[in-house]
Amino acid sequence: MGNRTLEGCHVDSRMDHLFPPSLYIFVIGVGLPTNCLALWAAYRQVRQRNELGVYLMNLSIADLLYICTLPLWVDYFLHHDNWIHGPGSCKLFGFIFYTNIYISIAFLCCISVDRYLAVAHPLRFARLRRVKTAVAVSSVVWATELGANSAPLFHDELFRDRYNHTFCFEKFPMEGWVAWMNLYRVFVGFLFPWALMLLSYRGILRAVRGSVSTERQEKVKIKRLALSLIAIVLVCFAPYHVLLLSRSAVYLRRPRDCGFEERVFSAYHSSLAFTSLNCVADPILYCLVNEGARSDVAKALHHLLRFLASDKPQEMANASLTLETPLTSKRNSMAKAMAAGWVAAPLAQGDQVQLKMLPPAQ
């Protein structure tokens, strides 16, 4: 399949060849090592039968796949929005790039709901917080998002304009089917999970306020972490979806109006690049803030430094592997909550819960 040459809008590609690639390079440098550490820490959480680790692991995998596409997008922007790697790579890397946005939002929503169940209903919904359940939910997330965003794989995604720019996965103005797909992405892929996160945060606040025995410092930690879930989605993804919705709505009303597309072109590309910061925020917030994962990462760094400083690296590597053997014994739902850094323990009367952030059981 060749490129399609179309009479498109006159967008100035010279305006955004600095900010997006600079931000992507930063995300590669910071996000790649932190997500590798986050993936390892999440794996250890899964080995300890902690369902939160399943969501963290899937989130890290999605972020790493996304980061692998960034070098080509850096090249694309440095060439002033000119894709030189062929139609096949455009489809593949564009599909991974854009689908990751909604996979990440979905898993952030899963984590938020899981934290709500752990804090507000630690015993009542214990079955929903098993590793098997988390694996099943994660499979549904991947299947749903990959399927819902697969339409571009069956269309040409390279567009050459009259100024000899070869756009990949973007056309100005957009096509009709793309506009309708964007509405689905905004309302179902972004707003719906964000609304669930808001409801989960509200439920967490109620549970924390109703626990008279929970220490004030613990309440602050719980509320901060829950609020950070919402903030990541809002800060990283909201600007992009506001412009995506605006572009789609304007096209559906005035399909041939290029004025709006030309005015928001630079802002749209900047907001799209800003979504990549999610790959930096995810491991820092959900692994390094989590007591169990933070402990695992600290141990990994400690043994890595000892390994690099040792005169007998092989012996140190063997010692590290021995020290880092994960627990394999089965844990009940309360122990899993402790491993995740959250615990909700019934008091003697059974009517209230005491919430604490604790390190994972060793």
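All positions are counted from 1 along the displayed chain.
A Cβ is built for glycine as well, from the same backbone N, Cα and C atoms used for every other residue.
Small disclaimer: the values here were computed from a predicted structure and weren't measured.
Features as listed in Swiss-Prot:
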- 1-8: topological domain 'Extracellular' (TOPO_DOM)
- Asn3: N-linked glycosylation site (CARBOHYD)
- 9-45: transmembrane segment (TRANSMEM)
- 50-80: transmembrane segment (TRANSMEM)
- 81-85: topological domain 'Extracellular' (TOPO_DOM)
- 86-121: transmembrane segment (TRANSMEM)
- 130-156: transmembrane segment (TRANSMEM)
- Glu145: site 'Required for activation' (SITE)
- His155: site 'Proton sensing' (SITE)
- 157-172: topological domain 'Extracellular' (TOPO_DOM)
- Asn164: N-linked glycosylation site (CARBOHYD)
- His165: site 'Proton sensing' (SITE)
- 173-210: transmembrane segment (TRANSMEM)
- 215-250: transmembrane segment (TRANSMEM)
- 251-260: topological domain 'Extracellular' (TOPO_DOM)
- 261-289: transmembrane segment (TRANSMEM)
- His269: site 'Proton sensing' (SITE)
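If you look at the transmembrane segment (130-156) against the transmembrane segment (215-250), you find fewer than three C-beta pairs under 8 angstroms, all six or more positions apart, and that falls short of contact. The number of other CB atoms found within 10 A of the CB of Asn164 (N-linked glycosylation site), across every protein chain shown, is 8.
Contact between the transmembrane segment (215-250) and the transmembrane segment (261-289) is supported: at least 3 Cβ pairs lie under 8 Å, counting only residues 6 or more apart in sequence. In the three-state DSSP assignment, the secondary structure recorded for His269 (site 'Proton sensing') is helix. DSSP states for the topological domain 'Extracellular' (251-260), grouped as helix (H, G, I), strand (E, B) and coil, give 5 helix, 0 strand, 5 coil. Reduced to three states, the DSSP call for Glu145 (site 'Required for activation') is helix. Mean pLDDT for the topological domain 'Extracellular' (81-85) in the predicted structure: 89. Least packed by the Cβ count within 10 Å, out of the recorded sites His155, His165, His269, is His155.
Residues 9-12, 15-16, 19-20, 23-24, 26-27, 30-31, 34-35, 37-38, 41-42, 56, 59-60, 63, 66-67, 70, 77, 101, 104, 108, 111, 172-173, 225, 228-229, 232, 235-237, 239-240, 242-244, 246-247, 250, 297 of the same chain, all 6+ positions outside the transmembrane segment (261-289), place their C-beta atoms under 8 angstroms from a C-beta of that stretch. For the pair His155 (site 'Proton sensing') and Glu145 (site 'Required for activation'), the C-alpha distance works out to 18 angstrom. Within 10 Å of the Cβ of Glu145 (site 'Required for activation') there are 21 other Cβ atoms, across all protein chains.
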